[in-house]
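Below is a structure I'd like to ask you about.
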Amino acid sequence: MSAPKFGYVLLLIVLINISNNGVDAFHKVFKKLQSKSTSLESVSPLHRTAYHFQPPRHWINDPNAPMLYKGVYHLFYQYNPKGAVWGNIVWAHSVSKDLINWEALEPAIYPSKWFDINGTWSGSATHVPGKGPVILYTGITENQTQIQNYAIPQDLSDPYLKTWIKPDDNPIVKPDNGENGSAFRDPTTAWFNKKDGYWRMLVGSKRKNRGIAYMYKSRDFKKWVKSKRPIHSRKKTGMWECPDFFPVSVTDKKNGLDFSYDGPNAKHVLKVSLDLTRYEYYTLGTYDTKKDRYRPDGYTPDGWDGLRFDYGNYYASKTFFDDKTNRRILWGWANESDTVQDDTVKGWAGIQLIPRTILLDSSGKQLVFWPIEEIESLRGKNVQMTNQKMEMGQRFEVQGITPAQVDVDVTFNVGNLEKAEKFDESFATKPLELCNLKGSNVNGGVGPFGLITLATSDLEEYTPVFFRVFKDAASNKPKVLMCSDAKPSSLKKDTGTDAKERMYKPSFAGFVDVGLLDGKISLRSLIDHSVVESFGAKGKTVITSRVYPTKAVGEKAHLFVFNNGSQPVTVESLNAWNMQKPLKMNQGAK
């Protein structure tokens, strides 16, 4: 094996060094802390979310095998029952009737047999006719080899699927055909091809620095055979974790499609979570069922410049098809961005973000994401603002709500675009660099304008979420940048030199593909104490930030709208709702 090129090695070093303790290149192991349990009485409420999914204590990461069975929603997730750092991982299991209120059950899968004795890692669920739901998951053997196993419910008549069995004929897929046994994990939901009678599923992997999604085929869901070629791969992308592969309708703008849909008017989505960057990328393309090949559309970037489900703190996502409502629903994990010491002291780490629906944008060139409508059942007191004109340097406070726990939806009208700054094409694939260069306090022509969240009254601490409009010189069309900037979010001083001792306060950014023909652009943010989920232009661009203010906490937090561009911007409409806690959120979880 030849050594990788110096440039690539240097890139890896940079990526790892800029990472935080959670959004890093690998799971960091803190053996002294991974079994340091916290009693329920000792769990710190500071920065703990109110309406997001999380257990009462300890560490969580990847959402696994979401599904609907006999009217009950199921979510499994990677969980450490003994501490607030990664380790001792089991498949925790929660159930819900409405995707809002959750009841914790006993862990469904945990290390117990030779084929998973050193780990039960991520996977997916598939509804198999005549067999019910089948979970495919990655097991870690005694010699640290990653293999693929299956588990089945003990009682199919139980809508809660409380008990799962791991049959002795596991594993079903082993890395014995040229695969990398140390990077071979996270099987997808399988899909069925009626024409040839085979099930198919993907497993993420890498070969040297090439990311790969291997395909496997089976008639009986037990004996799986590797396809002649991967469904897709890409050089210099490293390990592909948590792949997801599903169709979206080209014509139906309201409903999702089942994994096995093979009809007309559909495109396929291939999503991968890049272990190198800890971001998720997706492509839209065509899936040839005869050749088992997936080809991204020519206009869809493939690789590190690709489209993302979320441009912020968002990883290891997993979708499922809700056949009750005909929706494709997306779950995603947001780890903490504070320090390992903070996580250990507070006794918990990680949340699942609000589930989102997925549809194909009317352009056919990207997906759009939106919080599930069920979340609106938690809305309480509402305040509104209409036709509020903001000159350069002005900001207005949104009063009468609890800004640390709120759902705010605002539509801005930017009016005249003639004063928009000229767009520098050298930033065409570098929205983050542009956001860092032109932050919320850097005056522009049209923008920056947006929301100032989790702020003190004097802006000692604040997390701005904002737009800045540029003008493309060649086409004379607007180029819209969306940013969420955590750098000013907290006054906490970092004293350590190691990454685990420093709070991660990054900027996140993405471009928004919107024409602004009517001069309007919307921004919705779900704010929940230490998380800000923001949806630009009705979900064309989504950014999640984790933040930890020291003063803008609870009732001391403030919410503003602002404009720092020379061109006036009007708040055409703003609605903000206090958000209530669900009645149930995994009480009783171990």
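The backbone N, Cα and C atoms fix where each Cβ goes, glycine too.
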Given that Swiss-Prot lists W59, I60, N61, D62, Q78, W86, W121, S122, R185, D186, D275 as binding substrate, which residue among E241, E336, E373 does it place in the same site?
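Among E241, E336, E373, only E241 appears alongside W59, I60, N61, D62, Q78, W86, W121, S122, R185, D186, D275 as substrate-binding in Swiss-Prot.
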What does Swiss-Prot give as the disulfide partner of C435, choosing from C242, C483?
C483
Could you state the CA-to-CA distance between R185 (substrate binding site) and N118 (N-linked glycosylation site) to the nearest Å?
14
Any idea what the Cα distance is from E241 (substrate binding site) over to N143 (N-linked glycosylation site), rounded to a whole Å?
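Roughly 21 Å, rounded to the nearest whole number.
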Would you say which of the glycosylation sites N180, N335 has the most Cβ atoms within 10 Å of its own Cβ?
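The residue with the densest Cβ neighbourhood is N335.
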How far is it from N143 (N-linked glycosylation site) to W121 (substrate binding site), counting Cα to Cα, in Å?
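Between the alpha carbons of N143 (N-linked glycosylation site) and W121 (substrate binding site) there are 15 Å.
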Which has the fewest other CB atoms in a 10 Å radius around its CB: N61, Q78, N118, N143, N564, the listed recorded positions?
N143
Which of these recorded positions is closest to Q78 (substrate binding site) if you go by CA atoms: D62, C435, N564?
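Result for Q78 (substrate binding site): the nearest of the recorded positions is D62.
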Expressed to the nearest Å, what is the distance separating N564 (N-linked glycosylation site) and D62 (active site) at their Cα atoms?
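Computed Cα spacing between N564 (N-linked glycosylation site) and D62 (active site) is 38 Å.
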